[in-house]
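Structure record follows, encoded as structure tokens.
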Amino acid sequence: MLATHPKGFLKDPKQTALESGVSKVAMMSSDEVVKIQDAQSGGDTQRFIRSLFPLIDQMKTYNRKFFLDDVISSFTIAFILLPQAIAYTTLAKVGVMQACVAAMFPLIFYPIFGASRQLSVGPEAVVAVVTGSTVVEIMASTSAYTASQIASSLAFMVGVVCIGVGVCRGGFVDNILSGYLLVGFVLGISNLICIEQIPGLFGLTLPPAEGESSALDKLQGAINVFGTANGVTAAVGISNVIFLLAMRRIKKMYKAKYPILGKIPDILVLVVLMIGISAAFDLNGKYKVKVLGTFDNKLPIPGLPLLNGDLVGRLIQPAFITLLVGFVESQTVTKKFGLHFGYFPSGDQELVALGSINLVSSLAGGMALFGSLPRSRILVNMGAKTVLANAMAGIIVLVATQVLGPVLKFLPKPTLSGIVFAAALGLIEFKEIGFVFRIRSWAEVIMFLITWAVTIGFAITTGIIVCLGFSALLIIRRSTEAPLAVIGRVKMNLVANNDEDDGYKKDAAQLELDSIPYRYQDLVNHPYAELLEGVVAVRIMSRIMFYNIANIRRQLRDLIHAQCLLVLERRKGIRDSRMSRNGGRNNYDSASGDVRYNGHPSMAALAQDDDTAGVKVDLPGKAAGDQIEDDPTLFNTLVLDFRGCTELDAWAVFLLHNIFHSFEEHGVRVVICGMRDVQIQMFKRAGWYEDMAEDLFPSVEQGMAAIESRIQRPRWYKKRW
């Protein structure tokens, strides 16, 4: 509604524009309206296409100055990704080319659907471990499938699950895993990876294991054969780990002072250096240091992976586990660098993109892949600006595997183990672990330790199931919680002046609210707020649904009981004070909460603080706690402030009506304040509105004012006296 201005009528510009637009539409012909609707429909189609293919918008805004940065970044990440992919074959239990294929074609296709410009996709340590665990578990139970078939089929299943979850708007799944549960799981995975690299670092040969082994079993096996370690192999492996960790530390300490350090690809430097040393000193021939050797660099023939009913059934659970652990890390990169560079990719879109590249990897004969946080950091440090860096890196890896085979055969295997070992140490979130211990959040510490212990003590699948189970319990528990707060009145320092003309007319309800010099706040933040004796005012601060209504009912009873005890304690304190002055005696049963008034003159009421006119109501068959709540001098009115309640469902409405009716049967008046129109409509449709209409108020301030006006001698008190 527009307000009258002393100099004339001033219209709201938005209203003027709206009226102008309406008049223009009214003057249009039907053909013109149809053309506008077609244009809008076309615009919606274009927006959908652009959201499905983010590359379109990136290419429209592509700056030629970005090209050199993308090229440099792509070369760097390609020559880091290639040795990593080869190294991860020991984790995934697959051949070299199957891991390399996952570092080629998926990277080329990711820019089509992927919106995260700095996400480096490819084989990743945790996903490789889950793949290897799945391969070992299935091959231990049946010889019908090869490791290559299992890995490719798993990648296909991961792709299908990712796309399905993305289409169903499940981009929130990265929030399912609780923070410190995930930290505990990743810590267990990193420990497992480090233990698995011990044989490669020291040149040990372990006896074949039967089925899937835990990290502790593998550590025990390595200790049993540690006496057969190769000294030169150990020297190469340990020195490589030290080099990578030292470079990581040096970059962290001096990158701000010497930015060029951030652009040094330490893994690439190490690989080139060790290939040269291996070839020059013949580490394999003279010192028995295992090398990568000649490998078949022929690309697999593209085609559908093996997908029979038995194998698909075995891969459903690993596919979901791979989705969870892989998508969590990918979304961490997407959110972190998206916020830094000013773009906000949709989680649903990223699921579709990651699912698509897993399908591509599977069809090309590769393994499952996701985003990598360490490689993404390198990509950012090298100055990558768009997703084209990923595509060019995939092409470079493809060319390198076909051209550099004669060179890569000299690469020592302890170097590959060292690369994986250092990458696994990088997974450990030392800051997060130290933080949770520092703030002494023992509940999260316990969950973190349990998840970590289960992961290293049993198996990866057991660890992720425990992690998911804990997360599900936490989510269910927290969703059933319904925060309630006892509220009291706090005097406003500044009261709105209703006579002041602010340009808009206020309705009667707002004018009435502005005339009340008090507001109602919770006692936690305002411990000296005033309470009205006989009245319990409660603010509901969550939605009320079928899963938390019982919790709300229990909390209401507990709060009412506590407030009644508070009134009794207040009365006892006042009477004790009077009788200490007058020599009287007070009979107070603290166990039952019963106050028996005697005839001593000191019990005479003072108008400002107490009244002894009430009589104890003793209902037969009631426990002491129930008697407290049935005493009208202690509790006669319940005020429910629905201002913080955002949603009600049908079952909540049904049970709320029962709760209201139950209180009224015990002589307690229920006053409802701040309920939204849509919630009131639900009570109207249920036919219960007439029962509550008299005690329904727009705000708790107005409801409490109405209650106070009906009490002859309202007694306000503070929780602390």
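Just so it is clear, glycine is given a Cβ too, placed from its N, Cα and C backbone atoms.
No curator has checked TrEMBL annotations; they are predicted automatically.
Range with TrEMBL annotation transmembrane segment, chosen from 125-144, 645-664, is 125-144. If you look at the transmembrane segment (94-113) against the transmembrane segment (258-281), you find fewer than three C-beta pairs under 8 angstroms, all six or more positions apart, and that falls short of contact. Beyond the ends of the transmembrane segment (125-144), by six or more residues, the same chain brings 88, 91-94, 99, 150-151, 154, 186, 189, 192-193, 209-212, 310-311, 314-315, 318, 321-322, 325-326, 329, 367-370, 420, 423-424, 427, 459-461 to within a C-beta distance below 8 angstroms of the stretch. Nonlocal intrachain contacts for the transmembrane segment (449-476), taken as residues 6+ away from its ends with a CB within less than 8 angstroms of a stretch CB, comprise 129-130, 133, 137, 176-178, 181-182, 184-185, 187-189, 191-192, 212, 214-216, 317-318, 321, 324-325, 547. Sequence-remote contacts of a segment are chain residues at least 6 beyond its ends whose Cβ falls under 8 Å from one of its Cβ atoms, and for the transmembrane segment (66-88) they are 96, 99-100, 102-103, 120, 122-125, 128, 263, 265, 267-268, 271, 292, 375, 378-379, 382-386, 388-394, 396-397, 400-401, 408, 411, 415-417, 419-420, 423. With a cut-off of 8 Å between Cβ atoms, the residues of this chain six or more beyond the transmembrane segment (351-370) that come close are 52, 92, 94, 97-99, 101-107, 109-110, 112-115, 121-124, 127-128, 130-131, 148, 151-156, 158-167, 170-171, 173, 299-305, 322, 326-327, 329-330.
Mean pLDDT across the domain 'STAS' (525-707) comes to 75 in this model. Residues 54-55, 58, 62-63, 66, 69-79, 81-82, 85, 97, 100, 103-108, 110-111, 114-121, 262-263, 297 of the same chain, all 6+ positions outside the transmembrane segment (382-404), place their C-beta atoms under 8 angstroms from a C-beta of that stretch.
For the transmembrane segment (180-202), the list of distant contacts is 90-91, 125-126, 129, 215, 218-219, 222, 226, 229-230, 233-234, 237-238, 241, 290, 325, 328, 413-414, 416-418, 420-421, 423-425, 427-429, 432-433, 436, 444-445, 447-456, 460, 463-464, 467, 470-471: same-chain residues at least six beyond its ends, Cβ to Cβ under 8 Å.
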